[in-house]
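Here is the structure we will look at, set down as structure tokens.
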Amino acid sequence: MDTSKNWKTVSLLVCVFAMVREIRPIEPFFTSFLRSMNFTLDQINEEIYAVGTYSCLVLAVVIFLITDYFRYKPLIIADGIAGILTYALLLGTPSLYRVQMEQVFFGFFYSSEVAFTTYLYAKVDDKQYYQKITSLVKASMLFGRFLSGFIAQTIVSTHLLNEVYLLYISIFSTSFVTLWSLVLPKVEHSLYFHRNKELTLNNKLQQPIGVIIDDNTSNKVNKFKEVKQMLFDDFQSAYKNTYVVKKCFWWIVAVVGNIIVATYIQVLWEDVNQNKIELMNGAVESIHTLCGAAGAYAVGHLSYDWKKFGDIIFTAGTFVLALLLFIIYYCNSLWILYVLYISYGTCYQVLLTITTYDTITSNFSGMCKYKHFNILKMTI
């Protein structure tokens with residue numbers, strides 16, 4: 001297939017997957033849903049959400065390593081199946097143990113997002129399209145989240161349907177993406193374990209004369225050794241630049257912090273809502289997504305040397321994030337909490353965009369030797 005047509009076809013398939021995957025209207029009201037099943041806020045906070053948080057942490061590392069080995073598509077299919085199980089386990093009147101199991105599957109579902117994002121770069125060989133496909137997938141995900149919040153708030157506010165239908169729609173969406181993932185084209189080559197045969201042949205030709213390679217007995221051992229060496233080379237190449245190390249450290253801490261905030265903010269909203277007014281979580285998540293996307297888009301089109309005053313900007317920006325979280329902790333007004341959460345999300349997306357762009361465009365003169373490293377840069 002022609003390259004220009006190939007990247008468009010693959011991008012369309014992945015964008016549909018990414019958008020529908022995010023339409024899970026139960027999420028903005030997940031804490032409310034659990035409370036309706038007689039779980040206390042303490043149980044939700046300490047015994048349920050904690051399981052999901054640690055599952056994400058452990059499974060993210062595992063999935064990153066096995067995604068390449070299984071060549072992406074099986075993990076994408078497994079991602080959809082995990083999504084179905086995540087919400088199917090909530091049907092009926094689940095016990096605490098069943099909800100905790102649901103959180104483990106959610107951890108897999110959340111962590112395996114890396115499978116379909118890296119799948120794109122494995123299918124599209126021409127790097128000139130990487131920027132386009134990255135922006136398309138991100139836009140699709142954000143649009144899906146917006147739709148999810150809008151659908152959730154419409155159902156809750158109009159009372160046209162029972163809240164359990166939020167769960168049904170979430171199951172339908174994850175079922176759809178599971179079926180959709182089956183039509184995704186297979187990946188013949190991956191970044192580490194299944195490299196292009198031409199590259200493998202070149203490596204063999206570089207072997208000294210007289211060296212005999214027994215493919216039947218040592219091929220797998222050699223492959224794992226090669227992968228280990230490539231991972232080490234990538235790590236060493238990336239982090240010998242202290243500027244990149246500093247930015248990546250900020251990125252890791254910020255992303256982990258944002259995941260924790262997004263997970264536990266609903267518990268705070270429920271705790272503060274003593275007057276039992278109608279929650280606007282879906283609308284807030286929609287506005288939060290739109291403001292974050294608008295801020296990221298605006299910053300992405302600014303022509304500015306972020307490296308010049310980068311430390312000052314990030315110090316000030318990080319201080320603003322910390323200040324907003326400090327105020328959120330002590331605030332007792334639900335509406336003010338909503339505004340603060342939207343402000344936090346917008347500021348976070350702006351800083352994250354600057355960090356990603358600044359890191360990618362930094363001087364990687366010694367780091368861009370490998371195609372797979374270029375792809376890893378795009379995925380951040």
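Glycine residues also receive a Cβ, built from the backbone N, Cα and C atoms like all the rest.
The following features are taken from TrEMBL:
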{"type": "TRANSMEM", "residues": "49-70", "note": "transmembrane segment"}
{"type": "TRANSMEM", "residues": "77-97", "note": "transmembrane segment"}
{"type": "TRANSMEM", "residues": "103-122", "note": "transmembrane segment"}
{"type": "TRANSMEM", "residues": "167-187", "note": "transmembrane segment"}
{"type": "TRANSMEM", "residues": "248-267", "note": "transmembrane segment"}
{"type": "TRANSMEM", "residues": "312-330", "note": "transmembrane segment"}
{"type": "TRANSMEM", "residues": "336-357", "note": "transmembrane segment"}
Using a Cβ cut-off of under 8 Å, list the residues of the same chain at least 6 residues beyond the transmembrane segment (248-267) that approach it.
28-32, 41, 44-45, 49, 52-53, 56, 238-239, 281, 314, 318, 321, 325, 328, 341, 344, 348, 351-352, 355-356, 359, 380
Would you say the transmembrane segment (49-70) and the transmembrane segment (77-97) are touching, if the rule is that at least three C-beta pairs must lie under 8 angstroms and be 6 or more residues apart?
no
Chain residues in Cβ proximity to the transmembrane segment (103-122) (below 8 Å; excluding those fewer than six residues from its ends, i.e. six or more beyond):
10-11, 14, 17-18, 48-49, 51-56, 58-60, 62-64, 67-68, 71-73, 75-76, 78-79, 82-83, 85-86, 89, 130, 133-134, 137, 174, 184, 187, 189-191, 375, 378-379
